Structures are given as structure tokens and as C-alpha cells.
Amino acid sequence: MLKVDHASVFFAARDGRTVHALDRVSFDIPERGFVVALGASGCGKSTLLNAIAGFLPLSDGRITLDGRAVERPGADRGVVFQKDALLPWKSVADNVALGLKFAGVNRKERQTRALELLRLVGLDEFANAFPYELSGGMRQRVGIARALATNPDILLMDEPFGALDSLTREQMQELLVSVWDKTAKKVFFITHSIEEALFLGTQVLVMSPRPGRVVARFDLDFIRRFAETGDARSIKASPQFAELREEIRAILHSSEDLRSAA
């Protein structure tokens, strides 16, 4: 289980001001949990993900993964960013296997594992291709496969579909549900899309503008319904989905109004 306990982050801005980015954020991600942090730009979502990844120290609070304190990056956390950061001179398979190479895994085993993961994301036919030959959605699929290569306990995903067109984004959401269902990984996912948060999250954390606080939590099962039925259209068209979308939109607007009035 990932546990975030009263996590707060302050940092110094370039002009010398102290910025309060996160304020006492707490939540858990159990086995097979898919937690989505939802909020406007600048609310601390990426700061929170970077702290969980071990890229950024907390000013106060504690983060643990399976009882171990998170203090630095580790192979137990796989990260997928909005920009795929694939190495252009390496093949798709070699990009996926990069973490295994750093871990000292032999080449034959690396290639076998890379092909398994490319098959999982539907790109095994592109193993020998290079990143420039792939579309944006395909490149993000490679990024997901690469993050899974070292068999992490949790996937950390920082708006990975934000730069994609709407149709590709929906396809990637559905692919991610399939990967989550087959691998049983914990996932922490960041987005500013209400619909994406509702569709993917077993729990959605609605965050306030800076300093980022969790102002509402929603426990959901749309992702499980899709994993069972494969019918995204009826899920998103359901009255429950629409009601929750409007409720969350109202919370986000209320938080913005309070900040503007402060």
C-alpha cells in the first residue's frame, strides 16, 4: 500500500518568495487501487507526484510504500510523463528495456520482457521501429511499457494523455484500464479532465488551488465496470456519471472563486 500522510511542500521561488505548494495531503492507494488527483493547473498535482516518485523532498509529513519510507527514486515506482522522453536513437524495444539494462539484466531476458510488454500495449509489431516512426499515442504506449519493465509496485502518471487529440485520448484511457486490469498494479494518475478522472479512478481526489489541499474525495467503480463490459459509451452517458461530473465541476469552480476572493 502507498500511504501519503499529511504531506506538505514549501519551496523558494526565483524572486525569493516562499511558495506553499502542498498542504497536509493524506490518502492511501491499496492493492489494485487507481487514485486520480484532479485539479486546475498550479494546484500541486505534479508536486505531489514528484514527491511520491522521490524526486522532491517533503517539507513535512511522510510517504511510505509497503511500509518503506519514500525518500529517493526507486525501481518500485514507474513514472510516465506527459512528454514521453523516448531516446530517438534507440528502437522501441530497446527503449522499453532501458531500465532492465541499468538493472544488469542480460540482453536476451531484456528483449523477451520488452516484447511481452509491447504485446500488452498492442505494439509488438513495432519492436524494431524508432520513436520518430510512431504517433503520439503509440509513443505514450511505449512509455507505459517502459515504466512497467522493472515490475514496479505502482505506476505514477503525470497527465500522460494531455497532449493527445480527444479520440486518441479515449483510446489510451481504455488501453490503460486493460493494462491496469491485467497487471493488477497500483496507479496514481494526474489530470485536469473531470471526465478522465471519473472514468479511470477507483478514487478521485479533488484538489484546491495552491496551496494544494484535498477538498473532496469520490470512491468510484466506473473503471471496474468498463473492465468487465468494455462499454465506455454507456458508462459515460449514464445519469450517475453526468451527476458526478457536474458535482465535481461545481467544487472546482467554488475553489477557484474562493481563491479569487481571497
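Glycine is treated like the rest: Cβ placed from N, Cα and C.
Features reported for this protein in Swiss-Prot:
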BINDING   Gly39, Ala40, Ser41, Gly42, Cys43, Gly44, Lys45, Ser46  ATP binding site
DOMAIN    4-234  domain 'ABC transporter'
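On the structure: features taken from Swiss-Prot.
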residue: Gly39; record: ATP binding site; Cβ neighbours (10 Å): 27
residue: Ala40; record: ATP binding site; Cβ neighbours (10 Å): 16
residue: Ser41; record: ATP binding site; Cβ neighbours (10 Å): 9
residue: Gly42; record: ATP binding site; Cβ neighbours (10 Å): 12
residue: Cys43; record: ATP binding site; Cβ neighbours (10 Å): 28
residue: Gly44; record: ATP binding site; Cβ neighbours (10 Å): 27
residue: Lys45; record: ATP binding site; Cβ neighbours (10 Å): 26
residue: Ser46; record: ATP binding site; Cβ neighbours (10 Å): 20
On average, residues of the domain 'ABC transporter' (4-234) score a pLDDT of 95
Taking the centre of the Cβ atoms of Gly39, Ala40, Ser41, Gly42, Cys43, Gly44, Lys45, Ser46 as the ATP site, the remaining residues of that chain with Cβ inside 8 Å are His192, Met207, Pro209, Arg210, Gly212
Reading the DSSP string in three states, the entry for Lys45 (ATP binding site) is helix
